[in-house]
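**Q** According to TrEMBL, the feature domain 'F-BAR' maps to 1-264. Among the features that TrEMBL reports, coiled coil is placed at 155-186, 410-437. Annotated region 'Disordered' per TrEMBL: 280-313, 333-365, in sequence order. The compositional bias 'Pro residues' annotation in TrEMBL covers 337-346. The domain 'REM-1' feature in TrEMBL is assigned to 403-480. For 549-610, the entry in TrEMBL reads domain 'SH3'.
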């Protein structure tokens with residue numbers, strides 16, 4: 001099958017068909033271009049998506065990725081980033097292997113098509129010129145034959161007429177012969193041109209046109225093969241990245257399978273475990289029996305006549321509350337939780353027979369107290385940390401992390417020790433490097449002065465010593481928390497025994513938060529001696545606590561009977577020392593003598609602050 005023999009007369013249709021083939025190729029190139037743009041856009045969107053959900057550095061999100069589920073999600077984001085990279089590879093390969101190649105081929109195809117059809121039109125023009133020459137010689141031969149026939153008829157007519165002279169007859173005969181000669185010449189010319197045209201026409205239809213159409217056919221078939229190969233390449237480019245995409249998906253599946261719910265649950269325990277023991281049973285309070293309630297520790301210590309009685313139930317009988325030994329311990333407690341009472345309406349307390357009383361808290365139901373315990377902040381189990389707890393209120397973070405629950409404190413101290421060890425190792429390496437450099441300078445003085453390194457070496461050695469002391473300090477705190485110190489373990493055992501027998505109300509009395517329980521505990525008179533012994537055991541814990549300095553004086557405007565815990569009684573006209581001014585809660589902290597401290601309503605006293613105290 002050949003276009004030259006089968007389609008010898010379809011030159012124009014072949015020209016249209018080949019142009020249509022080039023248009024199809026250009027359309028396919030445009031399709032591939034748009035596909036590459038889509039792949040690039042998709043890869044960019046995937047990368048942005050992965051970046052959007054990546055944890056931010058030095059943020060709380062970064063700490064959350066210690067859980068296996070979050071680690072799996074992070075692995076998924078990384079795999080999606082690689083997945084996006086494969087789509088970029090698809091775009092690059094399609095551009096280089098298909099688009100660029102086909103665009104270059106289209107230009108070559110257009111040039112080849114133009115050349116082939118130019119040769120075809122040239123052959124057409126040549127055969128048309130030969131045809132015109134043939135037509136022209138044919139018309140001339142026909143005209144000369146007609147002229148020769150007319151000249152012969154005219155001669156015969158003149159020869160038959162007797163009236164015509166012999167000269168006219170001779171002239172007509174010569175004219176007829178001339179016309180016959182011209183007709184013979186035209187015939188010979190027409191015959192020659194006809195033979196040449198037939199030769200040219202045969203060559204045109206059997207040689208030139210078949211050759212040109214054959215070239216056009218081969219060009220079109222190459223175009224068809226090329227577009228088929230491009231489609232195969234299109235599929236192969238996708239197939240090449242399928243294994244890598246499969247690995248990305250396998251990575252996501254592997255990350256999902258690595259999720260360990262038990263491990264995550266354990267991490268939650270490590271993150272939020274306080275180390276406290278659950279509260280013990282709340283003692284039954286029998287309101288049917290007459291009970292003698294005590295006032296606050298301040299009132300106990302300030303009263304010279306009555307003796308304090310504490311009442312503990314269950315296991316804690318015989319273990320007395322240690323705060324009643326010294327009133328300065330009570331000064332570590334915060335101001336009363338309730339608002340201060342308003343000043344009396346009259347100018348003199350004599351107008352009010354009973355005098356103003358601080359409001360008393362009503363006994364809350366058992367369910368309310370339990371809910372308060374469950375929602376309250378962790379309490380401080382170490383008596384020494386009471387003052388540290390007060391410093392926390394001012395915004396200062398304790399160096400030993402005593403504001404944290406035991407388990408969290410242990411983790412913080414362990415982390416601090418690890419960081420200090422890393423710094424020590426870094427400084428040690430630097431010291432070794434300086435020492436080696438100094439040895440080199442000693443062996444080769446031309447390289448440098450050894451004495452120039454002494455200052456740096458001394459500085460590094462001093463840093464190492466400072467870091468070691470710091471590490472020892474934190475290790476001691478860590479050992480204290482972990483119970484490795486015997487003295488501290490014994491004290492912790494005694495404290496634990498006390499807490500087991502006390503109610504939630506007593507726990508809140510040694511808490512860091514400011515609370516004001518309305519009730520006090522009593523104990524039998526026979527246990528007063530045990531109170532002194534137990535309080536003596538805890539004296540050492542607070543011997544190093546310095547009393548707060550006085551920042552001024554105050555004069556009592558009204559009589560106030562401090563019956564609640566943390567308050568102190570004053571008499572109208574009495575002058576006392578101010579150790580802590582009103583913080584906005586309506587209470588002022590004052591001191592009588594050296595041992596009696598407590599809070600009074602600010603509106604009941606007139607305060608005179610020292611100028612130096614104000615400045616400090």
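Here the Cβ of each residue, glycine as well, is placed from N, Cα and C on the backbone.
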**Q** With DSSP helix as H/G/I and strand as E/B, how many residues of the domain 'REM-1' (403-480) fall in helix, strand and coil?
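**A** Here the numbers are 72 helix, 0 strand, 6 coil.
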**Q** Helix, strand, coil: count each for the residues of the domain 'SH3' (549-610), based on DSSP.
**A** 3 helix, 32 strand, 27 coil
**Q** Looking at the coiled coil (410-437) alone, can you tell me the average pLDDT?
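**A** Reported value for the coiled coil (410-437) is a mean pLDDT of 89.
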